[in-house]
Structures are given as structure tokens and as C-alpha cells.
Amino acid sequence: MDTIDFVSSAIISTHSNPKLLSFSKPKPKFKIITKPYSLTHSFRLSNLRVSAIKDHNPDSQVTKPPSVENGDEELDLGWLPAFPHVLIASMSNFTFGYHIGVMNGPIVSIAQELGFQGNSFIEGLVVSIFIAGAFIGSLATGSLVDKLGCRLTFQIDTIPLILGAIISANAHSLDEILWGRFLVGLGIGVNAVLVPIYISEVAPTKYRGSLGSLCQIGTCLGIIASLSLGIPSENDPHWWRTMLYIASVPGFIVGLGMQFAVDSPRWLCKAGRINDAKKVIRELWGASEVERAIEEFQSVSKNDGSDLDSRWSEILDQPHSRVAFIGGALFVLQQFAGINAVLYFSSLTFHDVGIQSSALASLFVGLTNFAGALCALYLIDREGRQKLIIGSYLGMAISMFLVVYAVIFPLDEQISNNLSILGTIMYIFSFAIGAGPVTGIIIPELSSTRTRGKIMGFSFSTHWVCNFVVGLFFLELVEKFGVAPVYASFGAVSLLAAAFAHYFLVETKGRSLEEIERSLNPKA
């Protein structure tokens, strides 16, 4: 996860401080499965692992589906049954990304129309109220998802997202825009926790990382959409209202789509709804997986509904406290490695090389982030989480030191500017390929079935606090110490994050959530 906070980017920096910166593996076997499907009941490919089915259940009536071969390769579409359910969930991340980018350009027009132009404190409040709502939403998600399950929580969460967008679009006073932004933040905080949990619990083990990367891709597409739609706001002072009305549309799509999506089979089993869990497993993972999966679920869960009442205090007990520490630390390191600050400053960096439009500069940054997320989608289940996040932070550190070199050393101005651009792009790409998506994926993988919602809620609340602190003090630190020392500190934190990932993370690639939980729990 993460996500980049374009809300903080360029709002104050581009208008208040324009002078702050100057400056070969074997190819996998694939199978194509052509059995018809639909979103829920018909979308079952019970013949996913045909050879495994025959060995496990010789009496099964499942026959091998047709496949399309390409030489020695067959395309494996075992991820396909879960994909539409994951796609609907990822629309919540699209909403997240859209709201992150929607204020980047129109904030000036909003300030003019609502009467707080030139008041940097009020502009900052419009931004930070979003983060306050997200903090509360993240903390509330653990209890909601334990009691209601992911599917119903998704649908309830669309209410503040839709209402917040509409109230913001209709705002004619400061109070109205603040309430709208707070409600949107509340919904975003819930989604930030909920989407990784849902995907980790419905995705087949083999494809959990790749499907989990759709969180980051959804966020990137949302940012790109909002920044693209924001370009006309530079000429139309009322365009921001249209953009905020559009922001309500994904909420309707998620609310409707979740009516046809499945609930987490792990939550169903935990709630004692074993038959419903079996039905979902058969649809998403194949008939041969049903008994094995249920046995695995029951090995770590009581399956009588008692696990739905986990308490916050339980995350203080081992092994939950260790996972909560890792989750919180990963987000602290992610934020203090400077992702939001670099994005916050990127428009000025692009301005120095002649890109005058802050919306176009931010759009270019968004496209870079999207390219990195696509690479993560391909690599995460091949190279593994730990290797990817370590390489990502090392790339971020090198990128920061490159920018510091461009600022400190006496270089030709054009060369210095080009190096700054290169370092910024490398940094964003490096973040998007590992530190962004892997952080959100690996925390629910390490968490136990009983405390997954609480640990994710705690971890993301840490994220929002650090996000706010970085946005609050970044410009002040740059003014006091200069760009080079601040960026050098981001590089140093990135190195620390790489070391932390090396010593504290375990590889979760190719392991079921229950297998990971048993390995981390000495009592299991």
C-alpha cells in the first residue's frame, strides 16, 4: 500500500514557497481454462489444478478443461475466478487515489470561491481534515470487519464516501467543505485497511501477491484520473464541483458490485458458516481445495463465532505484538523515507526544467507510479515480498543521494536540474515497485486470523499519523536546513528500512495464511 498523498503535494509548496528548491529464470508453465464463468455462482473453475484434483480426489467428476498451448507453455488462469471480486474491492482504492489527487489543482479555485484564498492555515486544514477522518476510519475498521465481514463493511463504507463527495461538491461555505472532506477521509481510512484484508483472504495462495498489487494499481489509476480531470480546472474556476460529483461514482459501483461478490471464506469459517465457506472456496479456488482449506482454517480458528469478538488488548500478546510492531514500523519507515514529501516537492522540481503546469507535472509523477505498480504486479509472486521491498528501499536511497549530489555539488544548472528530475523519477518508481504495494500486502499475511483486522487498523492509523507529521513539518525543515540535508535524511531512513526488512520480515510468497500463522505462533 501505500499510496502517495497527492493531497499534500503542491497545495502549499507551489503557491507559498516557490524558491525552496533549485536545483534468467525458467519460464513458468501456464494453463488456459475456458470454462464459462460469472461473478459469483457461475464464476467457479473447479478444475483449476487438474492433476492435483485427480490425486486428491480420484472419484471427482471434474475433467480437464481445454487449454491453449503455445509451444511448451500453457497460460495458467488460476487467478481468474477471484479476479472480479478483487477488482470490485480495488475500486475502493481507485476512490482513494481519486480523492488523493482531486484537490491538487482545484484547491486555488475552491479557496477563491469559498473565501479563504491566501490563508495557508485554512488550506492546510482542508487537507488535514481528510487525514483526521482516515485515522478514525482505520481504527474503526478492525471491529467492523470482525463483526460484519468484509463484504458488508464495504457496502456500509460507501455511505460516507458518497455523502462526503456530494457534500463537498455542493459546498458553499468552509464548514461544508470541511465536513465533506472529513466524511471522505473516514471512508478512505476504512478502505485502506479493508481492501488488503479482503484480497489476502479471497485470493488463491499462488496469486495472492499479484492480486494484492491491484490495491496499488487502483490507487494509481485513481490519482491519474483525478489529475487528468483536474487540468481544465486551471481555466474553469467552477470545474472542481464537477470533479467532486464524479468522485461519488466509484462508491456506487463498489456498493452495487459487493452485492454480487463473495465474502471472505476465512471470515465465514470463523463465524461458523462452514457450508458457505465451502461454497466460496469451490467457486474461487476449485473443488479439490475445499476440504484441505477448511482443515487449514480450523487449525487456527475456533469456527464457533467466538473469534469475531477479538479485543484490542490481544495485539499486546505474542505473537500478535511482534506483527503489530512490524506493521507499525513498516509504515513509520515508509512515511519518514519521504514519499509524500518528495511528491510534495516534485512540482517545483519539474518547474525548474520548464514544466510550468503543476497538474501536468503531477500527472507525469502519477504515470511513473503506475509503471512501477505494474512491475510489482509481475514481480511480487516471482521474486518474493522481502527481496522486493529491500530492493525498493535501496533504490529509493540511491535516488535520494543522487538528488543531494545534484543540489550540493557545483554542476551546470541544466545538468543539476536533469539529475534532480532523474532522482525524483527513480525514487517514485522504486517506491511503487516495492515499498508501496508490499507494505500493504505483507502485514495481513503475517497477521493471525483472529487479530488481522485489529493489527491492520493499528498499522494504518500509524501511517496516517506519520503522513500528517511529515506534511506538517516538511517545509519548515527545508526552510531551516535546506533541501540537501532533508533529502539525505530520507535516503538514510530508506537504508534503515531495507535493513529492517532484511532482519524482521519473513518471506510469505507461496505460503497459505494459516501456514504463516502456525509458523509464527509457537503455541500452534
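Placed from the backbone N, Cα and C atoms, the Cβ positions cover glycine too.
Among the ranges 85-105, 211-231, the stretch that TrEMBL annotates as transmembrane segment is 211-231. In terms of C-beta pairs under 8 Å, the stretch of 211-231, 323-346, 358-380, 487-506 lying closest in packing to the transmembrane segment (455-475) is 323-346. Listed stretches 125-145, 177-199, 211-231, 323-346, 392-409 were compared with the transmembrane segment (421-443); the greatest number of C-beta pairs under 8 angstroms is found for 392-409. Across 323-346, 358-380, 392-409, 487-506, stretch 358-380 shows the highest tally of CB pairs under 8 A with the transmembrane segment (211-231). Of the recorded ranges 125-145, 392-409, 487-506, the transmembrane segment (323-346) has the largest number of C-beta contacts under 8 angstroms with 487-506. For the transmembrane segment (243-262), the list of distant contacts is 39-40, 84-85, 88-89, 91-92, 94-95, 98-99, 102, 106, 151, 154-155, 158, 161-162, 165-166, 168-169, 180, 184, 187, 202, 222, 226, 229-230, 233, 280, 283-284: same-chain residues at least six beyond its ends, Cβ to Cβ under 8 Å. Summarising model confidence by region, the domain 'Major facilitator superfamily (MFS) profile' (85-509) averages a pLDDT of 91. Between the transmembrane segment (392-409) and the transmembrane segment (358-380), fewer than three CB pairs separated by 6 or more residues in sequence fall under 8 Å, so the two stretches do not touch.
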